[in-house]
Every structure is written in structure tokens, then in C-alpha cells.
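TrEMBL annotations:
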{"type": "REGION", "residues": "1-35", "note": "region 'Disordered'"}
{"type": "COMPBIAS", "residues": "1-25", "note": "compositional bias 'Basic and acidic residues'"}
{"type": "TRANSMEM", "residues": "47-65", "note": "transmembrane segment"}
{"type": "BINDING", "residues": "G53, V56, N60, N314, L438", "note": "Na(+) binding site"}
{"type": "TRANSMEM", "residues": "77-98", "note": "transmembrane segment"}
{"type": "TRANSMEM", "residues": "119-146", "note": "transmembrane segment"}
{"type": "TRANSMEM", "residues": "199-220", "note": "transmembrane segment"}
{"type": "TRANSMEM", "residues": "232-255", "note": "transmembrane segment"}
{"type": "TRANSMEM", "residues": "275-296", "note": "transmembrane segment"}
{"type": "TRANSMEM", "residues": "308-329", "note": "transmembrane segment"}
{"type": "TRANSMEM", "residues": "426-447", "note": "transmembrane segment"}
{"type": "TRANSMEM", "residues": "468-486", "note": "transmembrane segment"}
{"type": "TRANSMEM", "residues": "498-521", "note": "transmembrane segment"}
{"type": "TRANSMEM", "residues": "542-565", "note": "transmembrane segment"}
{"type": "TRANSMEM", "residues": "585-613", "note": "transmembrane segment"}
{"type": "REGION", "residues": "637-659", "note": "region 'Disordered'"}
Amino acid sequence: MEKKPLPADDDKTEATESEIDRCLGEEGQQDSSEPAARAGWNSKIEYFLAQVGFSVGLGNVWRFPYLCHQNGGGAFLLLYVLLMLVVGIPLFFLELAAGQAIRQGSIGVWKYISPKLAGIGYSSCVVCFFVALYYNVILAWSLFYLGNSFQYPLPWEQCPKQDNITVKECEKSSATSYFWYRKALDITDSIDETGSFNTYIVCCLLAAWTIVCLGMFKGIKTSVKVMYFSSIFPYVVLFCFLVRGLMLDGALDGISYMFYPKLEIWGDIQVWRQAATQVFFALGLGFGSIIAYSSYNPKNNNCHRDAFTVSGINFLTSVLATLVVFAVLGFRAKQNITACVTSNLQKLDQLSSGLDKSLIPGFNFSDPESVTVEDYSAWFKQSGNRIPGNFTECNLEKEMQKGVEGTGLAFIAFTEAMSLLPGSPFWSALFFLMLLNLGLSTMFGTMEGILAPLTDRFKTLANNKTKLTIFSCIIGFIIGLLFTQRCGNYFVMMFDDYSATLPLIIVVVFETFSVSWLYGADRFLDDIEAMLGWRPHVIYKYLWKYICLLAMLGLLGATTIRMLITPPTYMSWNEETASEVKLEYPGWALAVLALLIIFAMMPVPVALIHAVLQDRTKQTARDTEIGQYSIVNTDDNCDTPMTDMSELDQRNGTPASLS
């Protein structure tokens, strides 16, 4: 069966569609998957803000800095750039071009290329829904902290007291950890203990979904107005934090630890896996949001330049966020290490009268402020272990590694650092308002990845898009109540780690294979040439057919093997010991994990089977009809439903195939 070319010429496409509609009547119009009037961006700036706002999210602030620090600093940056150039940008360009050429959401794009591939778009919608469920809970947490930032002192600056006695859980951990786990989450000891709903978080979740609903109320026309603020404001805050952070004591120590290159990590396959996964999620591949946003572009928009520009901004934002994070965390670590050294020197001063002279340091330990961290570390390595008493190492790098990923970074480490700054409520409010806006722009893109494909595919939904938006937000809030239980944080971790990773990788593998092999990379480049007026370099053909596809298959294999070999675990909070404990998921939770992955991927085989059965049914009906009736030629230009489509194409001057 010949493959249809992508609609490269508006005039010819409209002519063909008008003739088919005239001949087939209203029935043909009802079957059309694209609404008659499709929205568009008012300007290139709006589109740009939407794409950048979607791709730049919370992961740039709290995931990328952690990976950079843990995996070789500057060496990881080079590896990330390499994978972004040879895998990330080509796949990003592929999705941009497909959406812009076909002017449909993810379902319509892959159904247009082949009806058997429609399941790819439905899988993207399911994954977007899973992500939206827990992502908005993070916005609810940000709202909760934002509301608590307008008081002095901040509620997480000091441990609370009961009957003039410091709460033991807070005393054993820290004020910021106690506030996060006990006041914000009121968390249980494991996922098996559900607990009651957290009233404050429920209210914040309702507020978060209300904001998203109001922003998406009229589609991109309203969401883009919010993005003028939500996409730009985080950069203002990051630059403010960078300037303030560089003025802090210990900031340069933190930045030097981040950028110190460890080239030996290039030999670790897990580092390659983590770098590829970060590139994959940082650009938002597979969600369908990139396709949806680009589908509102005019046909002649330079999507090739957009792919490089958005990817470049995304990477530079990650580097900027990393500088900010480690400047502030360097200050926090220096403060904690200085306090650690002071405490140890005070104990040493009390024990000095009974110590051997060879163990006594050469510096003036009776004046802790005059002792540097380096001098103390040198003495501790030489004599610290031989002195009775509980002396600690006070290591700056180990202090930097505490709570620097995900929620641990945002709600524990960074909040602790901000509480040490003069005017801490101002910086705290600024930070959590930034997190809220970062998450909000990503949520708009995620919701567009759900709503646009469905409204493009089903005309009834397109005519009731406002109702669909409101209904989706209500359903999202109701299901999201699962995450507002006392054990809700464990479900957030479960969804974040497993509901999207594997399904999205599989989706992108199917996308790459269907375009480069089934539709044909040369044909796709022909369509892009007809759309842009110039032909992209032939290197894209080989990147799509071999490099990208093999890289995604390798990432799929590495991720699957890791999930099968390493039992899925999560970090729980033990109230008695006031510390994090790594636990394995119970059997029922593993079943939920499996169902999340299966449910996300189920549309792909289901759509394939449905299309095959539908083709067989149509073929049988066509054979029967041909046996009973003869084709009647008419003198006018209208064709019967039995007319061969290739003849209709030739009559209109359009080829049936671009091969």
C-alpha cells in the first residue's frame, strides 16, 4: 500500500479536500480528524515562550545539578552536550517538523503517517495524564511553602518546642527536614501506612488545578498570556539568586566542586544512561506537547532553527540553575562545616589537658574563629581518630552531597540555605514563586499534550474544548487526592520513577522507527524541503535511521535491565530515627508499577490490532461490493466512493507518493 505524503502545499491540500468533501458530503466532513478552524500563535514570541516554558521545568533546577555533581562535573556536561547534539536535537527536530507539517496533535500525526501507528499518540496522552497527576502535587507543595514564606522568622528556621523541650524528631534531624516531613507532609513510615488526607495539601492541590484550569480555559490563547510571566519570571529569579549567591562565603567552593572534571566517568555505562535520560526528559520528547505546540505554527516556520534554539536555551538554563544551586549550597555547606569545626574544637579544648602533646594541633584551637576548615581537616586526618570522644571529619564535599536532588534539594537543602540569608522570607517567597512558575509552564504543555490530540481526533470534543478542559482538571484533582494522603509522597516518587520513563522511551522508539523506516527518512526530508523551501542536511537521515534509533534502543535496554535486576526501592522517612531509610516496594505496589507501565503502553498494540482488523473488514466489504456492482463512470467531475484515490490525485495534479 502506498504511503501518503505529508501535506506540504496548502493550496493543493485544500483543493483535494474540497473535492472529496463535495463528493462525499457531510459524512466525509464528520470523519475529518482536524477541526475546521485551527488556532494559531499570534506571534513567534508566543510560540517560543510556550516551547521553552514546557521544556524548561523543575528538572532543570533540581535534577540536572545533582547529576552534574554526582557524575563528574565538567565531564558530565561534555557528555550531556554530545548526546544532546547527536540524539536530543535530531529527535526534537523530528517532532517539531511532524507537528508543523501535518498540523495535528500526536494522535493525528501518527495516524496520518499510518493508521496502525495511532496508538503512539494515545500512549503519549496517557503518559501526559500520569505526569500531570503528580506534577501538580509538586505545585501544591510549592504553594504551601510560598504561603508559609510570608512570616518572620520562617517556620522552618528553628525546631519547635513542647513544654520548653525541643521536639526529638527535629533535634535528631534538622529544622528544615522536620518541617518538610512532619509539618508539610506529615508523612508515614512506609507506603503501607496510608494515613489520613492532609487538609492543607488538599486545599493547595485544589488551588493548583484551579490555576491550571483558568490558564487553559480558552486553549493556547489564554495559556500563552500566563506564559509571558511564567516563562520569563524564573530567569529573573535565577539571575537574582546567582548575583546574591556569588557574594556569599563558600559560593566559589560549591561551584568548583560542581565543575571539577572527572573524566573516568565516561567509562561508566550508568552515567551514559543517566545523561541520555536527562537529555530525553529535559527536551520533553515523546509527550506529544512539542508536536501539539508546533502544529499551531505556519507551514513555512523554520522549525530547524527552533530545534537548536530551544535546546540551547534549555541547556544554558540547566547550567545557570546549577551555578545558582551550588553557589547557595556551597554557602550552606560552609556554614554547617564552620559550625562543625567550632563544636569539635570546643570539645578538644575541654579534653586538651589530658591529651598527648603529639595529638594537640599546632593552631590555636581555643579560638575557633581563627582556625580554617583546611587546617582542621589536615589535623583530623592525622590525629582525629586517635582522640577519645565523638569527633567528626567536617568534610565539605560530603556536606555538599546531602539532600541535593529533587524534593530534597528544593524543600530541605535550599530552604535551609535561604533561612541563613538576611531577609530570608523575601528570598524564600521568591524561590517558591519561581518553582510555581516553572511547574506551571510545564503543566500547560503537558495538558496541551492531552487536550490537543483528543480535540484534533474527535470533532465532538473539539466543539466542547472548554468543557473538556474543565472536566480533565476535575478528574485530575480527584485522582490527585491519592497524593495528598500522609503516604502521598511515596506515590509521587513511584509515578515519577516508573509511570513515564519506560513508556516514553518506547514511544520515542516507535516514533523514530515509523518516520525513518516505515514512512522513509528521504520522503520525510522531501516533505520538510517542500515546507521550508530548503532541504536539511542528509546527516539527519542517518541520525534518525541509525544513531538515534540505536541510542534509544540502548537506553530502553539499559533501563529495562536495571529495573529487572535491581528491585524497585523508595526512600522513606522513619519518625523514630528521624532519618531516611531505603525500602523495597511491597508486592501490591509492584503490581501497581507494572499496571502503570502496561496501561501506558497498551494503546500501541491495541491500535495496531484495530487497524489490521479494520483493513481486513474493509477489504472483504470492497471485494463483495465489486463482485455485486460495476463501477459507473460519470461525465461530471464528481467521483463515487469506489473511485481510486490515485486517479483523484492525478486529476488534481498531486502525486500519490513522494517516493
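Using N, Cα and C of the backbone, Cβ positions are placed for all residues, glycine too.
In this chain, the transmembrane segment (542-565) lies in contact with the transmembrane segment (498-521); the count of Cβ pairs under 8 Å, excluding pairs fewer than 6 apart in sequence, is at least 3.
With a cut-off of 8 Å between Cβ atoms, the residues of this chain six or more beyond the transmembrane segment (308-329) that come close are 48, 51-52, 55-56, 60-62, 64-65, 68-69, 77, 80-81, 84, 88-89, 92, 235, 238-239, 241-242, 245-246, 248, 251-252, 254-255, 257-258, 282-283, 400, 404, 409, 413-414, 417-418. The Cβ of V56 (Na(+) binding site) lies under 8 Å from the Cβ of S231, P234, I313, N314, T317, L438, S441, T442, each of which sits 6+ residues away along the same chain. Among the listed stretches 77-98, 119-146, 426-447, 468-486, 542-565, the one sharing the most Cβ pairs under 8 Å with the transmembrane segment (232-255) is 426-447. Among 119-146, 199-220, 426-447, 468-486, 585-613, 119-146 has the largest number of CB pairs under 8 A with the transmembrane segment (275-296).
Counted over residue pairs 6 or more apart, the CB atoms of the transmembrane segment (542-565) and the transmembrane segment (77-98) come under 8 Å in at least three pairs, which marks the two as touching. The stretch from 119-146, 426-447, 585-613 that makes the most Cβ contacts under 8 Å with the transmembrane segment (468-486) is 119-146. Remote same-chain residues near the transmembrane segment (199-220) are listed as 39, 41, 46, 50, 136-137, 139-141, 143-144, 147, 184-185, 226, 293, 296, 440, 443-444, 447-448, 451, 465-466, 469-470, 473-474, 476-477, 480-481, 483-484, 488 (criterion: CB distance under 8 Å, separation of at least six residues from the stretch ends). Outside the transmembrane segment (585-613) by six or more residues, the chain places 114-120, 122-123, 126-127, 130, 191-192, 494-495, 498-500, 502-503, 506-507, 510, 567-570 with a CB less than 8 A from a CB of the stretch. Its own atom aside, the Cβ of N60 (Na(+) binding site) has 25 Cβ atoms within 10 angstroms in the protein chains shown. Each residue in V52, F54, S55, G57, S231, P234, T317, S441, T442 lies on the same chain as G53, V56, N60, N314, L438 and has a C-beta within 8 Å of the C-beta centroid of that Na(+) site, without being one of the site residues.
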